[in-house]
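TrEMBL annotations:
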TRANSMEM  7-24  transmembrane segment
TRANSMEM  30-47  transmembrane segment
TRANSMEM  54-75  transmembrane segment
TRANSMEM  95-114  transmembrane segment
TRANSMEM  145-165  transmembrane segment
TRANSMEM  185-204  transmembrane segment
TRANSMEM  216-232  transmembrane segment
TRANSMEM  238-256  transmembrane segment
TRANSMEM  263-281  transmembrane segment
């Protein structure tokens, strides 16, 4: 990320820290140390990162530990996960913060060792060499449009069948049992298969042309949105599109046809499309789970956007 993006991000985080420190009922010094360590973790992941695995691990630790705690302090609502529900208040948290701080210090130490050894980062696109184009790329170039049409038609068909016959929906017992292991295969195709196939096709353009056209990125977002609705999974959309956006944030300068303005527009488009996913997944879940109570708008957003991050409650349990 650029230094201006980091400055903007940390300006927001510092404001949250101030609110959190005021509301934290135990050692404010320990909360400050906890904050400094987790801010350092996030910085090490976003500024010249060493690998995708380190980036995602660091971001999820930051979301699941520091940001979850801070937002719970600010909005003062109970933890949703059962293993954390026995914390009816934000008291007795010092022990949790100590363990969380020590653990993340180990993660940051691995990053320091990696940099001292001067290993090459695996996250950036480096200088392209001239490759002899394989047969699969020539086939892709020749039949590019039919390939995308087939993917679209197959996706829409499977999504319709999965919703209509409840072959494999997230959190719902299957009503249609196919010959083993076809139920699992349908779930894999909708959950991972189409997305991975599209990313493989994108990698061919990146490797041999050093481009990634915006229309294909929009198509990818549409496919992921449709399959997310088809599986009743809001999380799938975040995981699939989030990984692609992380790649673009670090590499858009190395792709010949992308700019920061195009990337910002794409991120806004993805965010708006997510509202579509949330609406229709919630609508369908309300249909399948008739009589389920719905909380207020703010609590619903917090439960979806905050309490799905794994981390803090696990430490509470031990």
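Cβ atoms here come from the backbone N, Cα and C positions, even for glycine.
Any TrEMBL annotation is an automated prediction that lacks curation.
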Of the listed stretches (95-114, 185-204, 216-232, 238-256), which one yields the highest count of Cβ-Cβ distances below 8 Å with the transmembrane segment (263-281)?
216-232
When you check the transmembrane segment (95-114) against the transmembrane segment (7-24), do you get at least 3 Cβ pairs under 8 Å, counting only pairs 6 or more apart in sequence?
no
What residues in the same chain, six or more past the boundaries of the transmembrane segment (185-204), come closer than 8 Å to it by Cβ-Cβ distance?
136-137, 140, 147, 151, 154-155, 158-159, 162, 167-168, 178, 212, 216, 219-220, 223-224, 227, 230-231, 233, 236, 240, 244
Long-range neighbours of the transmembrane segment (145-165), counting only residues six or more past its ends (CB under 8 A):
175-176, 186, 189-190, 194, 197-198, 201, 219, 223, 226-227, 229-231, 284
